[in-house]
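Enquirer: As annotated in Swiss-Prot:
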| type | residues | note |
| --- | --- | --- |
| DOMAIN | 2-148 | domain 'Globin' |
| MOD_RES | SER4 | phosphoserine |
| BINDING | HIS65 | nitrite binding site |
| BINDING | HIS65 | O2 binding site |
| MOD_RES | THR68 | phosphothreonine |
| BINDING | HIS94 | heme b binding site |
Amino acid sequence: MGLSDGEWQLVLKVWGKVEGDLPGHGQEVLIRLFKTHPETLEKFDKFKGLKTEDEMKASADLKKHGGTVLTALGNILKKKGQHEAELKPLAQSHATKHKISIKFLEYISEAIIHVLQSKHSADFGADAQAAMGKALELFRNDMAAKYKEFGFQG
């Protein structure tokens, strides 16, 4: 399941583009997530009142949270699979407080890949997409394992 050094390089190259505007990318990812899987919006009390894409785009809180999400993910990706210290508190909060299912992590992974394809197509060809898919799958699998440690089947 692990990624090769070359695959990690592809992941981190495109992630460097994301880091140029974490809040903007994060906002787009969350909007994509909420549009394609509206049930995920119910997990965010702060955003439940946002009914249209225009309302979502105008929300400073949504943009801020998007930046928070992608900052945390970036910190995990940069560890190239050696992310135990970064993953544990994230898994604990998502399992015990937020109750975010692994299925929802799959949905946000799809949204991330979609946003990267649309914003960075030159740096996100088939090889980079496959590598990012593997990196996000590794993240989800490790989150699922941690969830079980916290007694959440997610």
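Glycine is no exception: its Cβ is also placed from the backbone N, Cα and C atoms.
As the structure is a computational prediction, the values presented were derived from the model and not from experiment.
Show me how these features fit into the structure around them.
Expert: Secondary structure from DSSP puts SER4 (phosphoserine) in coil. Its Cβ placed at the centre, SER4 (phosphoserine) has 10 other Cβ atoms within 10 Å.
Long-range Cβ neighbours of HIS65 (nitrite binding site) (same chain, at least 6 residues apart, Cβ-Cβ under 8 Å): GLY26, LEU30, PHE44, LYS46, PHE47.
Of all Cβ atoms in the shown protein chains, 13 besides its own fall within 10 Å of the Cβ of THR68 (phosphothreonine).
When other Cβ atoms within 10 Å of the Cβ of HIS94 (heme b binding site) are tallied across all protein chains shown, the result is 22.
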